[in-house]
Amino acid sequence: MNMASSLNSCSTRLVAADQLVAVAQECLNQQMRFLMAWHDWDDQTCVVRYLLSQKDHAEFVLLEVRDTDTLPSLAALVPLLGWYEREMHDLGGLEFSGHPESFPLIIHEGFSISPPPLGRTAADNPLQAHLQGSYEPPSMPEVQGDQVQDLYWGPVRADVVETGEFHYSYIGEAILHYHPRLFFKHRGMEARFAGQDAARSVYLAERVSGVGSACHALAYCQAVENAWGIEVPLRAQLLRVIIVELERLYNHFHYFGQLAKTTTLKVGAATGFLMEERVKQLASQLTGSRYLRSLLCVGGLRRDLQAEHLAHALEGIIDEGEAYLNRLHQTATHLDRLMGTGILSLESAFDQGATGPVARASGLDRDLRRDHPYAAYHKLRFNVPVREKGDAMARSEVRAESLREALALLVQASGRLKTGPVQAEYTPPSGEQQGLGWAETPRGTLMYAVRIRDGRLQRVKIKSPSFSNWRVFPLTVHGTNLMDYAINEASFGLTIAGCDR
Amino acid sequence: MPLWTWTGLKAGKAATRWPRSGSDGQEGVLGMPRLDIDKCRSGCDLCISSCPTQAIHLVEGEPVIDYGRCIVCQRCVEECPEGAMQSSYDWAFGVRQRSDLTWSAALESHEAEHLRKRIASSQRRSLHIRHVDAGSCNACEAEISALDNPFYNLHRLGIFFTPSPRFADLLMVTGPVTAPMHDVLLATWEAMPEPRSVIATGTCAVSGAPMDGGYAGGAGLEKILPVDIWLPGCPPNPAALIHALLLLLERMPQRVTGGQYAE
Ligand code: SF4
Ligand code: SF4
């Protein structure tokens, strides 16, 4: 049986495996950018897909390689694909010949799972295998030298933080090499969707990355709506904007609290966290959930929200938020630590796949809300802040501007609300469909690709912004010093749950 | 006076005094569904099929909720045609016995049993917590971190987080315990001095739901560690966390017994 469906919102091009490198080069020459890669099975046949965005063009490009599970690696040409290929190897059992970093990524040393959980036979029985093994230290290329010292930090680290294991090789204060081992938290989220009712799996998307619950719900719903051709009513579109901009707002306040904490600005940190708390309390009064969960559904919203007076409710937060950002921007001791810290060049940002505020701070002017509009963003006015320097300072400036834009968007969107339905009527079609959904989260590009058959999810691919930015982050650590590490990490604003999935 | 000190002083105290007085900060936060069994129509199983985590079962023809599997998604409330499943603001769900999260006809008291294992009085005054993320979605961490923000200001209750398990009295675990975190979690617990306590924090850590049954492992703490407090919620909000902590320290009473929430 052939796959009856094709992916919406994309112009698809079938590529033979032996042509892949040449075609990828051609795409790069046309200034396209790779966004993600994933594999799927058409019955027993392997399909590998590469999603690209075009310059100044809303339509995505999809390269599709069929009928082989051994492909040439594109990682040397397109470094950001390195992790996607390693993931397809670990979880799908695919081979990528000539991969420059052929180490395990998701499945740690000491662990194994057979057959692979997203492999050829997995569709018949998704839960036939379990991840098994015991802890082993990572196999690392050794850094040798007289005074080189090694520090392993984690998986359980100080403070209330997510699990990850960080390895530093350093001399004195200078970090020679840094390697984060992630994926301790890998929960197999993509496989969890398989076989579920597509209309009712929003709750899973909401739990991929808790502080991105609303954006994950939105991208997931849009993917299913895209597959099924559902038009969401305007009121729901505006309310969706309000929901995800509230999420951006509390994330950005948290970001500044965390950043101030690393520069040892105690009141600055406390203020950021207090502002975050106030936004969450406002969110729960408006929606019943501090994390904006259980609100979205395929076709719109589960229930209407009374957000007409949001601008009024936000007044205090707008004034104090502005005063807070200004105060931070006048604090020399804070700014001194950010300037010149953790520089990411435009070239590395592009090649390695940086996204969101991190990318925009290095001069990469991209924002899905503007470039590939969704929900009601095409009806709203907002700016996309960009900086050139690529240091922690630039990253925090982009976040500050983006926080202000979020506040302005909330006021604008709530002012546009008119009464109307918040749910589209639809009947899930039979047969097979595919869809793509996306959202610009507080951390950058989030994508969901779904394949549905007779209302049930067959394959869900999630590309989270932190998966992209965790790959980029170590590049800004090599050659810097230990004192700046925490500041630099905070300036990236990463999460691990979204990356590990 | 330096700018930040001045603004800090000017802003005054942001901290609530809850539970002694003041707001718990959870206005509007929806909690676990309540079941009004008198309204329930026999032979209907819509709530059961609506629940994504199989938290509801039929026992002798009547629905029984296991709150240890509830992720507060409100779907049973939406789908119940009789209004028997109702939204509530019940979120202080920390309990000492896992079985107290399921409705039971015989409301037996576990308190007697509990008294035999009293918290050492030295711990009742101050408590040091080590947190371990065993595969959470990060919302539970976000709520635990919120305890340190100026509104909840956990220090006022004599409760602190500590980086080293060697100084910790309490292990707070989030996440369903993924395969790579199993040994790491046990090693952290082993490193703690006795007496030591454990709070299963969030529905994931209580039962694994909705993450249980996958290839990466994880069905919560039940078979892994001796748990002192089970706290479902997805995530449990900061006030629910404070309630669970004070419950552990015997400074607040348990709200839920046999699946019933007491006002
Ligand atoms: S609110 Fe709880 S019991 Fe009801 S459907 Fe959701 S998870 Fe199940
Ligand atoms: S209990 Fe809910 S909020 Fe907490 S980690 Fe699990 S899925 Fe996330």
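A Cβ is built for glycine as well, from the same backbone N, Cα and C atoms used for every other residue.
As recorded in TrEMBL, the features of this protein are as follows:
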type	residues	note
DOMAIN	A:15-115	domain 'NADH:ubiquinone oxidoreductase 30kDa subunit'
BINDING	A:Glu190, A:Ile462	Mg(2+) binding site
DOMAIN	A:270-425	domain 'NADH-quinone oxidoreductase subunit D'
DOMAIN	A:434-501	domain 'NADH-quinone oxidoreductase subunit D'
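Assigned with DSSP, the residues of the domain 'NADH-quinone oxidoreductase subunit D' (A:434-501) fall into helix, strand and coil as follows: 27 helix, 27 strand, 14 coil. Among the binding-site residues A:Glu190, A:Ile462, the residue whose Cβ has the fewest other Cβ atoms within 10 Å is A:Glu190.
Per DSSP, the domain 'NADH:ubiquinone oxidoreductase 30kDa subunit' (A:15-115) is made up of 25 helix, 38 strand, 38 coil.
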